[in-house]
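As structure tokens, the structure follows; a few thoughts come after it.
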Amino acid sequence: MSKNEGEENGFDPENHNQEEEEEDKKKHLKEEELSVERIFENQEVPSWRKQLTVRAFVSGLLRQPFTRQENTVIQTCVVASSGISFSGGYGNYLFAMSERIAKQSADTLDFKKLSLGWMISFLFVVSFLGLFSVVPLRKIMIIDFKLTYPSGTATAHLINSFQTPQGAKLAKKQVRELGKFFTISFLWGFFQWFYTAGENCGFANFPSLGLKAYDSKFYFDFSTTYVGVGMICPHIINISLLVGGILSWGLMWPLIEDRKGDWYPADLSSDSFSGLQGYKVFIAIALILGDGLYNFLKVLCQTIVGLSHQLRYKDASSGLPVADHSSLVSSQLSYDDKRRTQLFLKDQIPTLFAIGGYVAIAAIAMAILPHIFHQLKWYHILVIYIFAPTLAFCNAYGCGLTDWSLGSTYGKLSIFIIGAWAGASHGGVLAGLAACGVMMNIVSTASDLMQDFKTGYLTLASPRSMFVSQIIGTAMGCVISPCVFWLFYKAFDDLGQPGSQYPTPYAVVYRNMALLGVKGFSSLPKNCLLLCYVFFGGAIMINLIRDLVGKNWARFIPVPMAMAIPFYLGSYFAIDMCVGSLILFVWGKINKAKADALAPAVASGLICGDGIWTLPASIFALAGVKPPICMKFLSRGNNAKVDKFLGS
């Protein structure tokens, strides 16, 4: 169309170009206003060695403020150290080996006397392998898949907010909102504490959707942590969690429970893995493995195809989804994403170093672990370490989607496989529990490291400095956490006993799981394995459909990894997260620019405030300070019975 023709039709090319320039300018100004990294543009990013300063690990050397990179490094160290308190198994697999727990199960002979020396040695041998297993995949997880890792994202926003230079208006607003919601969340946790004097008391057990729904784990538990996580997670993840909860607790488990007496014995306890609990755990594992393995194989195939293409055509520009290849940064990325990606890929951790470290530590473990646990043979450990990277990927991937680390779930799988392999006559109970510890430490540290890489990506911290910090923190945790547990073990003679202040119920559960494991999968309830095969295949099929239909339609299809988590845990946290998602959705409709700028800070405040409250709550528990009130909810009939009993 010519210029004259355009003018006759009411179209002026010059005015049109001016309008486009104005739109681009407004868009650029809006991006600059919301950009975090433009606020820090004039600050030099220190090298990875300078991020590992002595003052970052030793308090008191604060002549000048911490950089945000130093803050990221020290929080990585602290998280790595404290993470051992979970993966160390003091409330489950490790304590389940003790004579104290063995006396509460059917087998009182197969136990190991607890000792501080072998516990520390065991943790040093098994805790570092997970760090090396996922290092080559960090680019795939953080940049290619763009996984959210909500806790890592929340930590990064917290660090960025407090490290913002003076005069940044957006940062001041973020800090103000973060502080406001941090305070609200902390005080809300303190307020709730007053009503938790007994079991199942307080707002966390409020039957907001009715008592029958509460029995099926459908209720809003007033957790500000999960509301905040829901604001960070994509909407489809939160919906997937809710769909999984409805499918399992709303449909499947009631139907299977109706077949009690046919599919499994009617007199089994609710936590027996020969009953309904077996379906819950193993079907969830099948979904997780199907989803995780599909994505692992997809990435592996893409890598092999790209590598073969590069070798065949000597095309150095072909991008491969591996950590050692810095792909070109798309011009469509925002300024923040470009800068973060550039620095995240700058300090490489060589893949050969990661593989070499993994093989070396695996060899050491194969030599030492059989001396700690005579029932666990070297070939058991070899098989675990062959499959561990795949499972570590699955866990890190799932954690990036939902903020849930399912290390204990993979540990349970190891209990059954290794326990059945070793057999009852060769100490299968202890072999299974030890294998659980090996697997839990690998997959848990892998997901923790990836969370910290996400924090480092958002704060421009070097992956190298964070990896070193993770190693230092893990080494500290291998000493500190068993020492703290040993103090408890020696201070409380009734530790682990039913009805005591610290009953450790999961230790008994893991012990019974190991006893079930030595009998093999044939002891699982009827049709359990068949359902596992169905859901494993279903997870692969759903992922295949998501890839085939394209991004526009895939965003409406649930994610199997996220769907699996409520199968085991229930839907209460999914409802909390959907509330967070709804808040963000409505806020975005009202004022999208403000929601984009402040929602991460609000979510971080909600998460951090509730998390910090656990510290004084733990101190109260250790000091014997108990809440004064128990708030429970009863049906009308039960309430009448209680009133009648109290009146008599």
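Placement of Cβ uses the backbone N, Cα and C atoms for every residue, glycine included.
The region 'Disordered' annotation in TrEMBL covers 1-30.
Summarising the annotation, TrEMBL assigns compositional bias 'Basic and acidic residues' to 13-30.
The transmembrane segment feature in TrEMBL is assigned to 73-96 (among others).
Counting residues 6+ beyond its ends, the transmembrane segment (116-137) has Cβ neighbours under 8 Å at 84, 87-88, 94, 299, 322-324, 349, 351, 354-355, 357-358, 361-362, 364-365, 368-369, 372, 385, 388-389, 392-393, 396, 437-438, 441-446, 449-450, 467, 470-471, 474-475, 477-479, 481-483, 485-486 in the same chain. Positions annotated as transmembrane segment by TrEMBL: 116-137 (among others).
Sequence annotations record features per position, and here TrEMBL assigns transmembrane segment to 236-256 (among others). Beyond the ends of the transmembrane segment (236-256), by six or more residues, the same chain brings 148, 216-218, 230, 263, 276, 279-280, 283, 401-402, 555-560, 562-567, 570-571, 573-575, 577-578, 580-581 to within a C-beta distance below 8 angstroms of the stretch.
Distant neighbours of the transmembrane segment (349-372): 118, 121-122, 125-126, 128-129, 132-133, 135-136, 138, 322-324, 378, 381-382, 385, 389, 434, 438, 463-464, 467; these residues of the same chain sit at least 6 beyond its ends, with a Cβ under 8 Å from one of its Cβ atoms. What TrEMBL lists as transmembrane segment is 349-372 (among others).
Annotation comment: TrEMBL describes 378-401 (among others) as transmembrane segment.
Within its own chain, the transmembrane segment (413-446) is flanked in space by residues 80, 83, 86-89, 92-94, 96-97, 107, 110-112, 122-123, 126-131, 133-134, 285, 365, 369, 372-377, 380-381, 384, 388, 391-396, 405-407, 470, 474, 510-511, 513-521, which lie at least six positions past its ends and keep a Cβ under 8 Å from the stretch. The transmembrane segment annotation in TrEMBL covers 413-446 (among others).
Marked as transmembrane segment by TrEMBL: 466-489 (among others). With a cut-off of 8 Å between Cβ atoms, the residues of this chain six or more beyond the transmembrane segment (466-489) that come close are 52, 57, 72-74, 76-85, 88, 90, 114, 116, 119-120, 123-124, 127-128, 131, 135, 349, 445, 448-449, 452-453, 455-456, 495, 502.
The transmembrane segment annotation in TrEMBL covers 528-545 (among others). If you look at the transmembrane segment (528-545), the same-chain residues 6 or more away from its ends with a CB under 8 A from one of its CBs are 278-279, 282-283, 285-291, 293-295, 521, 557-558, 560-561, 564.
The annotation transmembrane segment is assigned in TrEMBL to 565-587 (among others). Long-range contacts of the transmembrane segment (565-587) within its own chain (CB-CB distance under 8 A, at least 6 residues past either end) are made by residues 216-223, 226-233, 235, 237-239, 241-242, 244-250, 280-281, 283-284, 287, 398, 402, 404, 406, 409, 594-595, 599, 603.
Residues 129-130, 133-134, 137, 141, 145, 147-149, 233, 237, 288-289, 291-293, 295-296, 358, 362, 365-367, 369-370, 407, 410, 414, 418, 421-422, 431, 435, 438-439, 442-444, 446-447, 449-451, 454, 559, 561-562, 565 of the same chain, all 6+ positions outside the transmembrane segment (378-401), place their C-beta atoms under 8 angstroms from a C-beta of that stretch.
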